[in-house]
Ligand code: NCD
C-alpha cells in the first residue's frame, strides 16, 4: 500500500482486499467486551475537518481510539482558519504537534493531495472527502457492506443479512450489479465507488437526470441510465445519493416533487428489486427526497450498518498505513512487545 490514501483509484485489487479482510478482523474487536487494541499506542492521529461531518468524523475518531492512538480533533470552525490561516500554516502547526496521520476533509477538491505532496507534513494523509472529488474510505465501507451481503455463494445466489463475508468464495464483488442513483455530479461518494467497485469486478450503473451527471461521465468505467425503473430488477444493491443542495448554484431539476417521483426510491420501487438486493445510503439522508422514510427504515436499508462498518474499515486503513507489519490482533502479546 502507498503511504497516503487520497483516491480509491490508487488502490490495487490486492490493496483493497487487504483492507477489507483486515476490516473483518477489526470488526471482531467490536464484539469484545473491551473494544480496544494497543496497536497504535503512542501514535497521534489528527482529524482535520474543514467541512461539516457527523458519521465520517466520529467514526475516524472511534477507529483511532480503538487502536489506542492519541486523537486530536481539529475543526475549522472555532480555529484560526476562521481568522484566515492558510492550509500550509495549519499543516505546519500539526507537524509541530508530531502528527503521524492527518485525516482531512476539505471543501476544495485536491486539498488532501496538496497536503500529501507538499512536504509540509511527514505523516500519512487520509482523504475523508474533498469537495466533489473523492471519499475513498466511504467507498471501502460500502464495499465492505456489499461484500458481507452479496459476496460468496454465486450458485445459490447471494444472501441478505448474513453475519459473515459469505463462504469465502467471493473475496471481491465480481459480477455483482450495483446501481448508484441521484446527484452524481456533486458526489465524491459516487466517484470513489465507481473506481473501487470497478477494481473489485462489480458492474456499476449510474442513474441520474442528465443535469446531475458530470461532464465526461461516458469515459468512466460504468453504464449510465436516466431511467431508474428499467435497472432495478437487475440490481444486487442500489445506492441512493443525497441531493447536495449546498453545492448547487443553479436549478438542476424542476421541483423536489418531480425529482422524488422520477429518481426517488419508494416502497413500490423497492419491491421491484430482487429479493436479495440491499438498499444503501451514505448519509445524511433527505427523507422524502431521494428515499422515502418507509424505505430508509426498512430492514433492507443498510444505512446504519454502513456507519458501524465505517469504524472497522477506518481502523483497518489507519492500522495498515501506520501500524506496520505486525498482526493487528495478536492474542498473546506481552506487555513489552505491545
Ligand atoms: C457523504 C459526504 O460527505 O460526502 N457523507 C458521508 O461521508 N457519510 C455524502 C453526502 O454528504 O451526501
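Cβ from N, Cα, C; glycine included.
Look at TrEMBL and you will find 3-147 tagged as domain 'Aspartate/ornithine carbamoyltransferase carbamoyl-P binding'. TrEMBL lists 55, 56, 105, 135, 138, 283, 284 with the feature carbamoyl phosphate binding site. Per TrEMBL, the feature L-aspartate binding site maps to 83, 188, 242. Summarising the annotation, TrEMBL assigns region 'Disordered' to 151-173. If you look up TrEMBL, you'll see 158-173 marked as compositional bias 'Basic and acidic residues'. The domain 'Aspartate/ornithine carbamoyltransferase Asp/Orn-binding' feature in TrEMBL is assigned to 175-321.
Feature map: TrEMBL annotations on the structure.
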residue : record                           : Cβ contacts under 8 Å, 6 or more apart
55      : carbamoyl phosphate binding site : 282, 283, 284, 307, 310
56      : carbamoyl phosphate binding site : 105, 128, 129, 135, 137, 138, 310
83      : L-aspartate binding site         : none
188     : L-aspartate binding site         : 109, 129, 130, 131, 132, 133, 134, 135, 138
242     : L-aspartate binding site         : 182, 183, 187, 281, 282, 283, 284, 285, 286, 290
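When the binding-site residues 283, 284 are compared by the number of other C-beta atoms lying within 10 angstroms of their own C-beta, 284 comes out lowest. Same-chain neighbours of the carbamoyl phosphate site beyond 55, 56, 105, 135, 138, 283, 284, judged by a C-beta within 8 angstroms of the site's C-beta center, are, in sequence order, 53, 54, 128, 129, 189, 282.
56, 135 are the binding-site residues among 56, 83, 135 whose C-beta comes within less than 6 Å of an atom of ligand 1, given in sequence order. Residue density at residue 105 (carbamoyl phosphate binding site): 26 other Cβ atoms are found within 10 A of its Cβ, drawing on all protein chains shown.
Each residue in the domain 'Aspartate/ornithine carbamoyltransferase Asp/Orn-binding' (175-321) gets a DSSP state, and the totals come to 64 helix, 24 strand, 59 coil. In terms of DSSP secondary structure, the domain 'Aspartate/ornithine carbamoyltransferase carbamoyl-P binding' (3-147) contains 66 helix, 27 strand, 52 coil. All chains included, 27 other C-beta atoms sit within 10 angstroms of the C-beta of residue 138 (carbamoyl phosphate binding site). Residues 83, 188, 242, recorded as contacting L-aspartate, have a largest CA-CA distance of 31 Å. Of all residue pairs in 55, 56, 105, 135, 138, 283, 284, the annotated binders of carbamoyl phosphate, the farthest apart have Cα atoms separated by 16 Å.
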